[in-house]
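Read the structure below first, then the notes.
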Amino acid sequence: MRLCSLLLLCLAAYLSSSYVISPPHMWTKLILTHHWPSTFCGMEVPVCHPNISYWTLHGLWPDKGIDCNSSWHFNSSEIEDLLPDMKKSWPDLLSPMSTGFWKYEWHKHGTCAAKAESLNSQHKYFSKALELYHKLDLDSILTKFDIIPSENYYKLSQIEGVIENFYSVKPKIQCVHPAKNAGFQILGQIEICFNSDFTLLDCEKHSTKTPKGHLDNHIAVDKTSGFSVCDQDVPVYYPTPP
């Protein structure tokens, strides 16, 4: 009887420690997603404002969870000091004067990211996304290495190579595929990934923080976005701004 009690105590301690290390439903990877306004606005979007000539933020997405707290409503007054940068770096291409895009991103992704103490407020979430966006400075890096909008096509490996060589991690690059036999694909979205401690991570890998046996359910791609992973063998068109 004493041995049985001891075994149960040990089991309870093990389960308790496992919970501390890896809480259920806790994300382990963040995806900082950039999109190219000209491509987004060219996807038969009826009302769009594509007159932006730099990569903008689409979102900061944890790899687990969607709409994690429907009662945690978006409140723009909590990020009032961030709004000038938000309007420039994270614009709503459909309704520039609206906060609807940020509200959507907060409800769908921010409430899940907020499971981590480092992102457990609207201000922490949006300010961290902006911080990572500016730290990466993706637009400047692509330009520096001659990946610029052009009527000429690129190989996907050229774009991947610049990002991998500079940041030392593998991104996830997404395109729009206009037609089955078009002969090209349109550069649309670039994801760069981070561990939970905000260190860079290969997007195709599990986080180094992921406990053994913990599944990494990648839900970062919005199914309605129209973007899908670029084909390695198809030329890439990087459209010029209008």
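These residue numbers are counts, starting from 1, taken along the chain as shown.
Each Cβ is built from the backbone N, Cα and C atoms, and glycine gets one as well.
If you look up TrEMBL, you'll see 1-18 marked as signal peptide. Positions annotated as active site by TrEMBL: His58, Glu105, His109.
His109 (active site) sits 11 Å from His58 (active site), taking the Cα positions as reference.
A straight line from the CA of Glu105 (active site) to the CA of His58 (active site) spans 9 Å.
In sequence order, Thr33, His34, His35, Gln189 are the residues of the chain that are 6 or more apart from His58 (active site) and have a CB within less than 8 Å of its CB.
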